[in-house]
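Chemist: Pasting a structure here, questions to come.
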């Protein structure tokens with residue numbers, strides 16, 4: 001009889017195992033009173049953030065700018081993707097009914113003008129957690145009516161009705177990551193499919209044609225340049241307008257190993273490829289889905305304003 005695979009061991013929060021990095025991936029981490037305030041605000045509410053749970057290398061940078069990405073529906077995922085550090089369980093705890101208000105109170109305390117939510121996959125819930133996310137967004141609209149809201153959602157196992165529930169909540173940006181090129185998807189996220197992700201992105205574009213739709217990929221997993229270019233084309237063809245591209249850094253030795261470190265020049269090249277397809281691309285070694293999300297939205301709006309002024 002085959003033994004069930006052991007659940008992965010999670011590295012201590014805030015610690016990433018040591019791995020020799022190229023020069024362009026070494027950074028000086030800022031700290032100060034703003035970082036301390038952000039940290040204290042989040043700890044006071046007991047909220048989970050993807051910044052901590054996923055061991056994001058940008059946590060110090062973002063918290064020093066008084067920004068954070070809230071992790072909704074708890075801190076335990078019903079999937080176990082090979083790149084991700086978030087805890088796994090087939091039966092996560094029920095969602096906290098007080099979480100929507102806690103997130104709103106935290107966002108108010110941090111005076112967030114652009115609020116970013118992400119979520120653990122909740123395949124154990126009938127709608128994948130879509131209605132619960134919608135509750136959070138409605139609460140945020142009530143408490144911070146002037147703030148924009150960005151949501152990085154799961155694929156809801158292809159449930160379009162669940163997607164519509166989320167989209168009807170009034171978000172500013174809908175984000176769903178394909179994460180990697182099609183060939184590597186079964187290894188990187190075995191409970192998802194590349195085509196299903198494209199389908200959900202396209203369904204969002206069809207349902208709300210004016211909605212800003214975003215997706216992202218990691219590089220350094222062994223993908224070929226031609227595969228990245230094809231992925232960018234696929235995203236453009238399925239209604240995506242914003243794409244993030246960043247270097248994959250494994251959280252521990254238990255995760256998928258890095259195959260290669262992509263140079264800044266290659267990120268610039270991928271950006272130019274995406275822009276030639278009509279995409280707004282934010283690419284760089286430390287770029288993540290929610291990294292500088294407020295600046296990305298602002299720059300996109302500026303670019304759209306410039307285009308609108310061009311005589312036709």
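Glycine residues also receive a Cβ, built from the backbone N, Cα and C atoms like all the rest.
So Swiss-Prot says this about it:
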REGION    1-20  region 'Disordered'
COMPBIAS  1-10  compositional bias 'Basic and acidic residues'
BINDING   51, 56, 62, 290  [4Fe-4S] cluster 1 binding site
DOMAIN    63-280  domain 'Radical SAM core'
BINDING   77, 81, 84  [4Fe-4S] cluster 2 binding site
Chemist: To test your reading of the [4Fe-4S] cluster 2 site: which residues beyond 77, 81, 84, same chain only, put their Cβ within 8 Å of the Cβ centroid of those residues?
Modeler: 79, 80, 83, 85, 86, 88, 120, 121, 189
Chemist: Could you state the CA-to-CA distance between residue 81 ([4Fe-4S] cluster 2 binding site) and residue 290 ([4Fe-4S] cluster 1 binding site) to the nearest Å?
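Modeler: Computed Cα spacing between residue 81 ([4Fe-4S] cluster 2 binding site) and residue 290 ([4Fe-4S] cluster 1 binding site) is 19 Å.
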Chemist: In angstrom units, rounded to an integer, how far apart are the Cα atoms of residue 77 ([4Fe-4S] cluster 2 binding site) and residue 290 ([4Fe-4S] cluster 1 binding site)?
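Modeler: Given the Cα positions, residue 77 ([4Fe-4S] cluster 2 binding site) is 19 Å from residue 290 ([4Fe-4S] cluster 1 binding site).
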Chemist: If we count other C-beta atoms within 10 Å, could you say which of the binding-site residues 77, 81, 84 has the fewest?
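Modeler: Across 77, 81, 84, these binding-site residues, the one with fewest Cβ atoms within 10 Å is 81.
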Chemist: Enter the number of other CB atoms within 10 angstroms of the CB of residue 290 ([4Fe-4S] cluster 1 binding site).
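Modeler: Other Cβ atoms found within 10 Å: 28.
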Chemist: Quick check for the class: what is the C-alpha distance, in angstrom and rounded, between residue 84 ([4Fe-4S] cluster 2 binding site) and residue 290 ([4Fe-4S] cluster 1 binding site)?
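Modeler: Cα-Cα, rounded: 15 Å.
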Chemist: Where does residue 81 ([4Fe-4S] cluster 2 binding site) sit in the DSSP three-state scheme?
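Modeler: DSSP assigns residue 81 ([4Fe-4S] cluster 2 binding site) to coil.
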Chemist: Average the per-residue pLDDT over the domain 'Radical SAM core' (63-280) and send me the rounded value.
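Modeler: Taking every residue in the domain 'Radical SAM core' (63-280) and averaging pLDDT yields 93.
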